[in-house]
Structure formats: C-alpha cells, structure tokens
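A.B. asks: The structure under discussion is supplied below as structure tokens; questions concerning it will follow.
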C-alpha cells in the first residue's frame with residue numbers, strides 16, 4: 001500500500017504504537033516520500049526528547065533530510081508561522097499538551113503526520129492524543145514483539161524504575177515493551 005495516497009492536504013494522520021515499534025522509522029519514510037514530491041516539510045520534536053538534535057530512532061536510524069526543517073519546542077503554539085510549509089511531521093506527539101493546534105494547520109491545508117505512544121507506562125491514554133484522535137482521517141497502529149518472551153504482540157510500555165513522573169524520556173535503559181502475559185508478571 002502506498003502511504004502517500006493517504007497523506008492529503010488538510011488531513012491529520014496518526015501513527016500509534018508502543019515504544020521501539022518503528023514509529024519514527026515510519027515518519028522518516030514519510031519525509032523521504034514527501035521530499036521526493038518536492039514538498040516542504042517541517043519536523044517538530046519536543047525538547048523533552050533527549051535522543052538527539054537530529055531525526056533519529058531508538059535503533060540508531062538517522063534521517064539526513066534534503067530540505068526538511070527541524071524545530072524543537074515544548075509547545076506547538078510556540079512554533080510560529082508555517083506559511084511556506086506543505087507538511088508538518090511531529091514525533092513523540094504525546095509530549096505536546098497542545099496537540100490540538102494541528103487542527104489549525106490542517107485547516108491551512110497542510111499535511112499533518114503525528115506519531116506517538118498508544119499509552120503511558122501506567123497503560124493510560126495520553127490526554128492530548130485522546131483530544132486529537134477524532135480529527136484524524138487516518139490512524140495506523142504499529143506493533144512489535146514482546147521484549148520479555150519474544151512470542152506475543154507487545155502493546156504495553158513498562159517503566160523499569162519506580163519513578164511515577166508521567167513524561168520521562170528514555171530508551172531501553174528505562175522501558176521495556178511487553179505483551180499482556182508478561183505485563184501481569186511485571187505489575188502483579
């Protein structure tokens with residue numbers, strides 16, 4: 001299936017999944033396709049994302065965009081004018097409390113692509129994802145295999161330490177993604 005047909009001006013697309021599932025890799029693929037179509041793309045990442053100052057996945061895949069502008073921000077409302085931009089790509093969308101700002105950009109006929117976690121380490125939806133969900137014309141779920149048993153589909157993010165902070169950026173040093181069976185062993 002050619003994803004580019006789903007990415008139309010004025011629409012919001014949402015990619016959800018657990019950690020380490022390939023959501024950022026999917027965004028990189030979308031950026032490459034949009035750049036091949038000579039679209040001006042802006043990639044927005046949260047300042048809470050401590051991975052790198054570039055577009056980089058947990059597995060180390062890095063995008064070297066031709067013309068894609070990278071913006072780091074704590075809030076989408078601080079991004080400023082995007083008048084000359086065709087597409088807005090947002091990684092770790094759950095980090096942004098004002099994700100609903102994407103509706104304004106969609107009303108301006110921009111292609112909006114969001115990627116975020118399906119749930120927190122407490123297995124609860126992020127409020128900003130819940131608020132933007134009804135406005136998404138296309139939703140994709142990317143799964144992965146359980147990091148504990150390597151047998152079942154994993155959809156749960158589990159924090160390895162006792163920190164209860166809702167947003168705590170990190171990788172495999174802080175989190176594991178597991179299936180329902182392994183989640184029961186972790187929590188109970």
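Cβ atoms are placed via backbone N, Cα and C, with glycine included.
For 92, the entry in Swiss-Prot reads active site, proton acceptor. The annotation ATP binding site is assigned in Swiss-Prot to 17, 18, 19, 20, 21, 22, 23, 24. For 121, 166, 167, 168, 169, 170, the entry in Swiss-Prot reads substrate binding site, with the evidence type similarity to another entry. The feature Zn(2+) binding site is assigned by Swiss-Prot to 146, 149, 179, 182.
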A.B. asks: Reduce the DSSP letter at residue 23 (ATP binding site) to three states and note it down.
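C.D. replies: SS state of residue 23 (ATP binding site) = helix.
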A.B. asks: Would you mind reading off the Cα separation of residue 146 (Zn(2+) binding site) from residue 167 (substrate binding site), to the nearest angstrom?
C.D. replies: 22
A.B. asks: If you measure from the CA of residue 24 (ATP binding site) out to 10 Å, which recorded positions from the list 92, 121, 167, 169, 179, 182 are inside that radius?
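C.D. replies: Cα filter at 10 Å returns 92.
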A.B. asks: Could you state the whole-number distance in Å separating the C-alpha atoms of residue 182 (Zn(2+) binding site) and residue 121 (substrate binding site)?
C.D. replies: 14
A.B. asks: Other than 146, 149, 179, 182, which residues of the chain come within 8 Å of the Zn(2+) site, judged by Cβ distance to the Cβ centroid of those residues?
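C.D. replies: Here the non-site neighbours turn out to be 145, 147, 148, 150, 151, 152, 154, 178, 180, 181, 183.
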A.B. asks: Quick check: in three-state DSSP terms, what is residue 17 (ATP binding site)?
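C.D. replies: Where residue 17 (ATP binding site) sits, the three-state DSSP reduction gives strand.
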A.B. asks: Here the binding-site residues are 17, 22; which one has the lowest number of other Cβ atoms no more than 10 Å from its Cβ?
C.D. replies: 22
